[in-house]
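*Asks:* The active site, proton donor/acceptor annotation in TrEMBL covers Asp158. Marked as Mg(2+) binding site by TrEMBL: Asn9, Glu395. Feature annotation from TrEMBL assigns ATP binding site to Lys16, His218, Leu219, Gly220, Asn221, Gly222, Asp292, Leu293, Arg294, Gly340, Val341, Gly342, Glu343, Asn344. What TrEMBL lists as substrate binding site is Arg101. Marked as site 'Transition state stabilizer' by TrEMBL: His190, Arg251.
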Amino acid sequence: MKQAVLVLNVGSSSIKYQLLELEPAGEGAREPGARLATGIVDRIGGEGAGTLTHKQPDDPQPYEVSDTFADHEQALAAVLGAFRDAGPDLAKIELKAVGHRVVHGGSEFIQATVIDDAVLAKVTEMIPLAPLHNPANITGIEGARRAFPDVPQVAVFDTAFHQTLPEAAYTYAVPSEWRERYAVRRYGFHGTSHEYVSRRAAAILGRPVAETNVIVLHLGNGASVSAVAGGRSVETSMGLTPLEGLVMGTRSGDIDPAIPAYLQRVAGLDSAAVERELNRSSGLLGLAGSNDLRDVNKKADAGDPAARLALDVYRHRLRKYIGAYYAVLGRVDAVVFTAGVGENDPRTRSQSLAGLERLGIAVDDARNESTADRGERFISPDGAEVAVLVVPTDEEIEIARQALGAVS
Ligand code: ADP
């Protein structure tokens, strides 16, 4: 019988899932490897019909269902239906764990954790820290517990990897009551990606993780940087929420914290409205009218000044963080690009590193621009003091790996 881990990433209006087969990894150990199935359900709880798309590696055509998914419960039932109708048959697979992506684990959760009622209660207590994400994650956990009552459910937190931040890095200089009573501090996100990518970087360099220092640039729709010293996150750009730090698709990243109060005075915007706009209408969208970097690139190439400015702001912010995190680490072995923009946009990579030669950082143009290899690769010249790498992220593999680790 095949063994597998099911990874569930339940968002406010979507469910993404992957079934990963466990493969031999020497000495009787097994690790997540090949995808047996991947899928997504979108527009859950929205107006009109959503779509479930379910793929198996050898299927020429994905299995698709269009339906109104009134809530997550119904969507999860449809996912089970897809496994029943299109396969693989879950009854013929030994599920070792269901790994749930959970966005906010606060200071409580420093690693992947098997879910029981007490864990679920704590994740529920953290809803004020992640009001959009944690409720959806909880719905997914409750549904999966009902669907797979005999399989251990494991929470893998976006925040956990950054729980190693030193106090000096995670503390905001704000009144003690805010910090102590309301848990105001830096938490950081995208932890599974930063962990996976930093570990891969050490492997690519052929060095022990414990002796490798890297700066990881996770540049997707959401974007964050981390400084990872010897496998431990020591600084990261997202904060109490994912709003802080880099310029993102629709989020502003860093701004003067006095701006919301200013806008309240001059524009009558309440804090909820400002928060919404900073999360949904800012970033590349606010600057250039599109949150998709490919569109912004096209507009900039066509001479649109707003798009050019957006790219300049985006890359300037990146360069500033790279310099700052270099100072935090002292010695940097690699700068690593990952996620949609990091993996696919050579101009962002070269321009965010431009002028950093004194730090030992350089990009080989031919390597950077080559589209022949889309996998893990060096884009720095041979013999460079600091390696510059592209490492495709794989959050599902990492969630499966950690879920398996938590139950074995
Ligand atoms: P998410 O955070 O939603 O998982 P992704 O990691 O998929 O996001 O990244 C999405 C971003 O990656 C978008 O801004 C998109 O424009 C960008 N992207 C994807 N492919 C390319 C490409 N070929 N060139 C430039 N940007 C790209």
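Including glycine, each Cβ sits where the backbone N, Cα and C put it.
Are these features on the surface or tucked inside, and what are their neighbours?
*Replies:* The Cβ of Asp158 (active site, proton donor/acceptor) has Arg101, Val102, Val103, His104, Gly105, Phe189, His190, Gly191, Thr192 as same-chain neighbours under 8 Å, each 6 or more residues away in sequence.
In sequence order, Ile15, Lys16, Tyr17, His100, Arg101, Glu395, Glu396, Ile399 are the residues near Asn9 (Mg(2+) binding site), counting only same-chain partners six or more apart with C-beta under 8 A.
In sequence order, Met248, Gly249, Thr250, Asn291, Gly340 are the residues near Asn221 (ATP binding site), counting only same-chain partners six or more apart with C-beta under 8 A.
The Cβ of Arg101 (substrate binding site) has 22 neighbouring Cβ atoms from other residues within 10 Å, across all protein chains displayed.
His190 (site 'Transition state stabilizer') has a Cβ environment of 28 other Cβ atoms inside 10 Å. When secondary structure is read from DSSP and collapsed to three states, His190 (site 'Transition state stabilizer') falls in the coil class.
Following the DSSP three-state reduction, the secondary structure of Arg251 (site 'Transition state stabilizer') is coil. A sphere of 10 angstroms centred on the C-beta of Arg251 (site 'Transition state stabilizer') encloses 26 other C-beta atoms.
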*Asks:* Just to be sure I understand the contacts, which recorded positions have a Cβ under 6 angstroms from any atom of ligand 1? Candidates are Asn221, Arg251, Asp292, Arg294, Glu343, Glu395.
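*Replies:* If the test is a Cβ under 6 Å from any atom of ligand 1, the answer is Asn221, Asp292, Arg294.
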*Asks:* Would you kindly give the Cα-Cα distance separating Arg251 (site 'Transition state stabilizer') and Glu343 (ATP binding site), rounded to the nearest Å?
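*Replies:* Between the Cα atoms of Glu343 (ATP binding site) and Arg251 (site 'Transition state stabilizer'), the distance comes to 20 Å.
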